[in-house]
Amino acid sequence: MNNIRKIHPLVKIINSSLIDLPAPSNISSWWNFGSLLGICLITQILTGLFLAMHYTSDTMTAFSSVTHICRDVNYGWLIRYLHANGASMFFICLFLHVGRGLYYGSYMYLETWNIGILLLFAVMATAFMGYVLPWGQMSFWGATVITNLLSAIPYIGTNLVEWIWGGFSVDKATLTRFFAFHFILPFIVAALAGVHLLFLHETGSNNPSGLNSDTDKIPFHPYYTIKDILGALIMITILSSLVLFSPDMLGDPDNYIPANPLNTPPHIKPEWYFLFAYAILRSIPNKLGGVLALVLSIAILAVIPLLHTAKQRSMMFRPMSQCLFWILVADLLTLTWIGGQPVEHPFVVIGQLASVTYFTLILLIMPITSMIENQLLKW
């Protein structure tokens, strides 16, 4: 009798993706983040579903409904903080996943990489709209500032912003539609993640050496299932510690003040995972220029495969490129720090320098360095 996992139409898809999938024998823990992102997404959808059962998307009751969840619903505080900090874990895993792709040249799988960029944009949009829902001060003003950026688009800008707002300011209509979008987007993200995997399994996984690994494959189960479970346990431990010991560490205290359109907070800033892009936005004095730089700070990932001038795929054997990669990481951490600082000297100048460094490194210095390394190979 044939094994059911190999003949059943549905089960055999799962089998070929998670059990009998041929995987390179040398992939490191940096390849764990795909499965961790899947776990994050499932956690976010489940906790979000339970929150949506008690949340009301009305300006008068949104804030108090979140309070009600935390105070009166059984383990409501746990669900709410798992959801809020789960988003932070999601972005930590996302950034590490993208960083891994950059370091080991995984961006050479073009379809997988481009779907990944789409996923990143979709997750960022979801997180932004989710931050608006508790209707605290930072929710309201964050929504006002970020949506207002669209008014920089020539000719249609103002109409577009008012169309998104559903009025002349961020109000009930805005909150209701953001809740609707925030509810539907994670399912679109899940569908895109399926397509992401579909394209990945067309080519097979990359590996740290960047070489073709067809001659040396091992089955995904049990080798990488057990490895992924270990990664998941570590992530769950970190998330649980964060939720149970310091759930508000990554949040903004201003969001515990109900939204007040008449009172602007001294420093409007988004969640920590958007600060690097926010710093790039603020470092350009022109509104339209800032918006373009903001979009390009993520969209630049799409041109990275075109800028791959090296003869080797991975950075594993390219020490000069490795140095530049870690300078880029340090630069992004600097931008994240600057994004959370007030707009005053010396932070403005540091932000501008870090922004220029970010784009110059990716567009100019790294491709040129790769070409130099190609010449060094001949020695």
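Cβ coordinates are placed from backbone N, Cα and C, and glycine is handled just like the others.
Annotated features, as they stand in Swiss-Prot:
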BINDING   His83, His182  heme b b562 binding site
BINDING   His97, His196  heme b b566 binding site
BINDING   His201  ubiquinone binding site
TRANSMEM  33-53  transmembrane segment
TRANSMEM  77-98  transmembrane segment
TRANSMEM  113-133  transmembrane segment
TRANSMEM  178-198  transmembrane segment
TRANSMEM  226-246  transmembrane segment
TRANSMEM  288-308  transmembrane segment
TRANSMEM  320-340  transmembrane segment
TRANSMEM  347-367  transmembrane segment
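Known features from Swiss-Prot, placed on the structure.
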residue: His83; record: heme b b562 binding site; Cβ contacts under 8 Å, 6 or more apart: Gln44, Thr47, Gly48, Leu51
residue: His97; record: heme b b566 binding site; Cβ contacts under 8 Å, 6 or more apart: Phe33, Gly34, Leu37
residue: His182; record: heme b b562 binding site; Cβ contacts under 8 Å, 6 or more apart: Gly48, Thr126, Met129, Gly130, Leu133
residue: His196; record: heme b b566 binding site; Cβ contacts under 8 Å, 6 or more apart: Thr112, Ile115, Gly116, Leu119
residue: His201; record: ubiquinone binding site; Cβ contacts under 8 Å, 6 or more apart: Ser16, Ser17, Leu21
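Contact count against the transmembrane segment (77-98) (Cβ pairs under 8 Å) is highest for 226-246, out of 113-133, 178-198, 226-246, 320-340, 347-367. Contact between the transmembrane segment (113-133) and the transmembrane segment (288-308) is present: at least three CB pairs lie under 8 Å, with pairs separated by 6 or more positions in sequence. The transmembrane segment (347-367) shares more Cβ pairs under 8 Å with 320-340 than with any other stretch in the list 33-53, 178-198, 288-308, 320-340. Tertiary neighbourhood of the transmembrane segment (226-246): same-chain residues 29, 32-33, 35-36, 39-40, 78, 81-82, 85-86, 88-89, 93, selected by CB-CB distance under 8 Å and a gap of 6+ residues from either end. Within the same chain, residues 69, 79-80, 82-83, 86-87, 89-90, 93-94, 96-97, 100, 130, 182-183, 186-187, 189-190, 193, 228, 231-232, 235 sit at least 6 positions outside the transmembrane segment (33-53) and bring their C-beta atoms closer than 8 Å to a C-beta of that stretch. DSSP classifies His196 (heme b b566 binding site) as helix under the three-state reduction.
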